[in-house]
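K.L.:
Dumping what Swiss-Prot says about this protein:
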{"type": "COMPBIAS", "residues": "1-27", "note": "compositional bias 'Gly residues'"}
{"type": "COMPBIAS", "residues": "56-70", "note": "compositional bias 'Low complexity'"}
{"type": "COMPBIAS", "residues": "99-113", "note": "compositional bias 'Low complexity'"}
{"type": "DOMAIN", "residues": "156-231", "note": "domain 'CTLH'"}
{"type": "MOD_RES", "residues": "121", "note": "phosphoserine"}
{"type": "MOD_RES", "residues": "123", "note": "phosphoserine"}
{"type": "REGION", "residues": "1-70", "note": "region 'Disordered'"}
{"type": "REGION", "residues": "99-118", "note": "region 'Disordered'"}
{"type": "REPEAT", "residues": "353-392", "note": "repeat 'WD 1'"}
{"type": "REPEAT", "residues": "399-438", "note": "repeat 'WD 2'"}
{"type": "REPEAT", "residues": "444-484", "note": "repeat 'WD 3'"}
{"type": "REPEAT", "residues": "566-608", "note": "repeat 'WD 5'"}
């Protein structure tokens, strides 16, 4: 506006100069023209001004400067007719030129930013889909929609989404139609590769039939629960039976027609009933037949996190707590690490009531008592305090003239059998509750009864020794069965109630069946087997082998799994044990006065416990208190091991030296 007055003066002074500039005589700078255009003081009201704007914005090819500009175009303030249009055109042209210039600068940056947007990798897309599925399960549907929109990913195939919704709504006809839409996706080669864990013999057509069968089965059960027997019968006859799949299951389904009420149906079918729970389970089964590119497996993120936590626990050398698959019980923000101070490698108590070498120790099955046998001819039963985990003397069982070298608790912990060394022909059966001797058994003065094991029924036990005796007896000491010529070193009864494992003088472990009187070789070593014990599941055997140490065998595959290092094992009988939660650990005494502890998967010891002054003959891990362990030694003491207290750190380091493997 103020520039227009200056333009008028310039025009009066000399129009030729303005013509030479091809528009410079308009007397308006580009900056002011842009400002005027932005303020709405001039607008492209003619076709020429619109064309100039189009040229400036690059929408049309550039045209040469107009030669018709003259001094008349400067008379906008002088009221000259037609001057306003020319001035307006010039103003817009200048503004457009400025806009074009700025656009030419901004456009490359915008294009560059678009080009710089990172393309998601396959793993990134997988993570986004996993997060989306998890959020969806939490009900954060809007968040999932925004996540998928911004990332450009797809949570699942649209046909799979329809299928899911129709299954959860119980719209079985539509769900069956959706299944037909999903058929090409199931038949794709990619689907075959992803489902590699399924049986190879399954044909693609068979997969569709199986999925359809599951759908119709749910439909049938829901009809029955609703009392629509005729509709259910129609599904059974006209839809399920023609599939010609799993006829045995169809016979079972037909039997549900006889159920008188819904509760009876749910009980017999082991089915939650019509609703979200049963349909969700159905959907989980159906998802296993679809490739993850179409529909993610159920709760996939939780599955991966659970696997990660389990792997960390497996790799933790000192993990000795109950395995909990609930992710809420652990922190996902840090790695799982157990402290060695939580491990039973600190002496909590020293029991000194025996007055000679202690040859054996064994916790009861319920973990409330400990029995120790000694050369001093006594068995002492100790009570475990459930709160302090300290032991106090409960009973002393006397009269074992040759000493006590082996003890076995009955399955119900009501009885205890004690054996002596090689030259002992007697066996004592004690009532633990009363402390009374129920049976003192001896078949012959020439017998050697050095080992004993209880049958799982608690009514029988087997015993034997190195002089060729191998008997099965009842609680009164009556002989039930016997094997001749078996020189027994150690015994164990398997959970089947029929098979007895026995190590003998031929450096082997054989299985003896007392029902059909058959036997078979299971383990063969190259050196004498001094003792052995079996894991709770009956799969693993832990052997103390003369001059070799501790060996772990797989009884099912009959292979040597691992040889544990560090222990000193000569020809003394040393008893090792499984222990800890899930029996992940192995402990053994040693002739170098130490107790060695290994993680089951590691050959090197994770702890060496010192304190005894002579050979450690036996170690027993409390089956109910994973942080408690007992060791018996020729030094006449029994040591109780537990976690370290929160003080006395120096003594902890001295008594528990650890080596990570």
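Any Cβ shown, glycine's included, is placed from N, Cα and C.
Help me picture these features in the structure, burial and contacts included.
P.N.:
The secondary structure of residue 121 (phosphoserine), as reduced to three states from DSSP, is coil rather than helix or strand. The Cβ of residue 121 (phosphoserine) lies under 8 Å from no Cβ of any same-chain residue at least six residues away in sequence.
Neighbours of residue 123 (phosphoserine), defined as other CB atoms within 10 A of its CB across all chains, total 8.
Tertiary proximity for the repeat 'WD 1' (353-392) is limited to same-chain residues at least six positions away from its ends with a CB under 8 Å from its CB atoms, namely 398-409, 411-413, 416, 418, 421, 430, 432, 435, 575, 614, 617-625, 627-628, 630-638, 640, 642.
Counting residue by residue with DSSP, the repeat 'WD 2' (399-438) contains 0 helix, 17 strand, 23 coil.
Per-residue pLDDT, averaged along the repeat 'WD 3' (444-484), amounts to 90 for this model.
In terms of DSSP secondary structure, the repeat 'WD 5' (566-608) contains 3 helix, 16 strand, 24 coil.
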K.L.:
When the repeat 'WD 1' (353-392) is classified with DSSP, how many of its residues are helical, how many are strand and how many are coil?
P.N.:
0 helix, 20 strand, 20 coil
